[in-house]
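To start, I am sharing the structure in question, which I have written as structure tokens.
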Amino acid sequence: MAAVEAEHADRPTDQAGPADARASASAGASQGAGASQGVPVARVTVTPRRPVREVRPGAQCCMLCGIVVHSLLFFVGFIMLLHTWLVGATLAEDGMQGAERPLGAFAIVLRGILSSFVDVSFLDPVIPTTLSLDMWGFWVPGMLGTFVTITSLLGLATVRGHKSPCAVPYAAFAAVLLMWIVETGHVLTEVVKSEDLAHFPDGGELTEMQHFQKYMFNLTHEMFRDVLTDQVCEVSAEGVLCRSGLHEAVIFETFLQEVCVQTSDVEFDNRVRVCEEHGRRAGFLKQSSPTDEIYCRCRSAMFDLMAAMSRTFKCVSLGFLISALSVIYVAAEPKFRTMGSEQVEVLLFVTVGVVLLSCRLLLFSDAPHWITN
């Protein structure tokens, strides 16, 4: 009986189908013939197909959001790098100035990145106080463009390839970039508030805002006069003419003519008049002159530009926050599938956090603590 049962147990493996038997015999005969004749026999290895991972509709929406926003971010970084290349090609005719320029530009970028996390007063001695085209037109945009481009590429690699290893450096770069955008918008908002000099006292103690107004007015007025002197510019009622012959002079003259002189309406002219009157009353301006009028016109035009930029930075920070969270969700979505009821709790917590941060950005955007120091 044991022998019969063993025979029946071995029969399914021994009794293959007729087709399989013929195929095995044919393959064995072919291999034997090939081996006897010295002809190499090709072996075909069939690799099983990997199962296609199903993507949920929520993950698809997050992927689309991440791809669109980070593609736009890559475009912005590319434009900044292209601008850097064009300015560098232009400045190559005059020659770049000294090795302290990239060091100063790096200090400016590093201050903007780290100021949201730590005290960066140790960088003050390195940061230059003069305006120069090679620094603000070449080095600073080049470094910022490189940082923005790297962040966008990490985000696209994470959202397109579902690569968790790219998610960690992307989260670090995105957090730094988001804080820089938020703080820049806050600084612009606070600077815009300092335009009105109507309540500036003739004497006595000054508030923190009035100290800031005085500092910004004196700093920008001194820098404006220094640029006029360096570029050999003549200011008259008809306009501005710079005779230094450098590219900086051409750009500065074009800026004055197109932004400061050409901008004119009733409300803008009233702000220029208030700037001159209160500037002289507060002791910032000594006497009425065409230079001071041009300065006040440029000052009012720049405040309009900064007001528009502050609103833009708020919208950009909100959009980038949602996009960054979408990219991180796409990278973590396979792990979310293994969770049960905790998945809903985590997503609810993230949603509430995003709503609170959005309200903080759009409704309660006070100035950072270091701007009044």
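Using N, Cα and C of the backbone, Cβ positions are placed for all residues, glycine too.
The shown structure was predicted, so the numbers you read here are calculated from the model rather than taken from an experiment.
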Scan 104-123, 344-363 against TrEMBL and say which stretch is down as transmembrane segment.
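Feature transmembrane segment in TrEMBL: residues 344-363.
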In terms of Cβ proximity under 8 Å, which residues at least six beyond the ends of the transmembrane segment (135-156) contact it?
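Non-local partners: 66-67, 69-71, 73-74, 76-81, 83-84, 87-88, 91, 96, 101-102, 104-106, 108-109, 113, 128, 166, 169-170, 173-174, 177, 251, 323-324, 327.
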Counting only residues 6+ away from its ends, which parts of the chain sit with a Cβ under 8 Å from the transmembrane segment (67-91)?
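Apart from its flanks, the transmembrane segment (67-91) reaches 133-134, 137-138, 141-142, 144-149, 151-153, 155-156, 159-160, 247, 319-320, 323, 327.
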